[in-house]
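Please read the structure below before turning to the comments.
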Amino acid sequence: MSLVYKCVIAGLVRYWLIHIDYWQTIANRVEIATPLNSWKRLIEGVYLYDNNINPYEGDSFHESPLMLLFFHFVMKKTPYILPLLFTIFDLTTGLLLYKTSKSFAQMFKESQDKVKDDINADSKSMLLSNSKLNEAPEYVLSVYLFNPYSVLNCAGMTTTVIQNLLVAASLWGASSGYRILACAFIALATHQALYPVLLIVPIAILLADINKGSYIMDGSYKYVYNTYGFILAVPDLKPNIGLFWYFFTEMFEHFRLLFVCAFQINALVLYIVPLTLRFKKEPVLLATVLIALSAIFRSYPCVGDVGFYLSLLPMWKHLFTFMQQKFIVGCAFIITSALGPTVWHLWIYSGSANANFFFGVTLSFATAQIFLVTDLLFAYIKREFTLKNGSSRQIDGKPAKLVLR
């Protein structure tokens, strides 16, 4: 299927879903909409701003000021183009990921050629041919355009669509050597959602390898707390697919600050240094893993975040052979994706379940993602070892054991 056909079909599916009778149901699902990206809350914020009421005074609006001004302008001037706008944004994200993966394939080929002489003769067959490297961008585009998580994220008109676009544009800028573009887009993504700040390190490494305050409502800075403070403090405990809400629902108030700090350190800081030190020669893999970890551990995740990093995985198709948990992870994704809405209905509407059931599903979903990330990293280590030492798993005549460190 050609690139144009893929984009047309994916665009029509998204545009159609936005106009069906069940759109409100999609847009209000807890798996799709969160207090940070909800279309309903965005409309409310724009309405308040339009009536000269500071939307950051209350507890309903948590978007960045730039997003507020952008959607205020669009809703005032051309509200009828919003479905088309979200569709175009999402298709553009897919195309940017496609171009990013093409740049990465070229970089990977060059790095592979440099170490070709150091590779064990027994492992020469593992070197990737040009045809295999050229396949990866097509898979990346297809996975993003037709992934149900990405499709529903766009159909629900969540602002995660724009966050994904900004991150994809930053990755494309970095992989193409455009420093200003890469820095500008990662700054905008961080301004909107904070967690993309994790990508500064891999983007800086990538650029190095390739290139050898807002004013709103009379200058009020209340938006700082109601955007980044809201993300960090986690005051809204509406259930979502993340791990924060259940813990802090059950938490004694005097322990809250301690655990908020612990959870946010885990989401923002903990993995940057060790992963950067170990994978500094693979900045694209580093970026992929950090995007995945931020999607898993952020305070208000949604399926759009998951769909975004899943679309990057085909760039590492050559590692799939070395992954051991593919079947388990795939089954876990399918089962939890089906159980989530089912258990939510039993809890909220039927009254025959409780919060423990829904959190059990979200915890399983997060666990599956963690298995996926660790399996990907371990697969990279195993391939790296095999390339240098051959396919034999013996050291001094004894069976060897690989350890991820």
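Any Cβ shown, glycine's included, is placed from N, Cα and C.
Residues 80-98 are the range that TrEMBL records as transmembrane segment, among 80-98, 137-155.
Of the two recorded stretches, the transmembrane segment (285-315) lies close to the transmembrane segment (255-273), with three or more CB pairs under 8 Å once pairs fewer than 6 apart in sequence are set aside. Residues 29-31, 148, 239, 241, 355, 357-358, 360-362, 364-365, 367-368, 371-372, 375 of the same chain lie 6+ residues outside the transmembrane segment (327-349) yet bring a C-beta within less than 8 angstroms of a C-beta in it.
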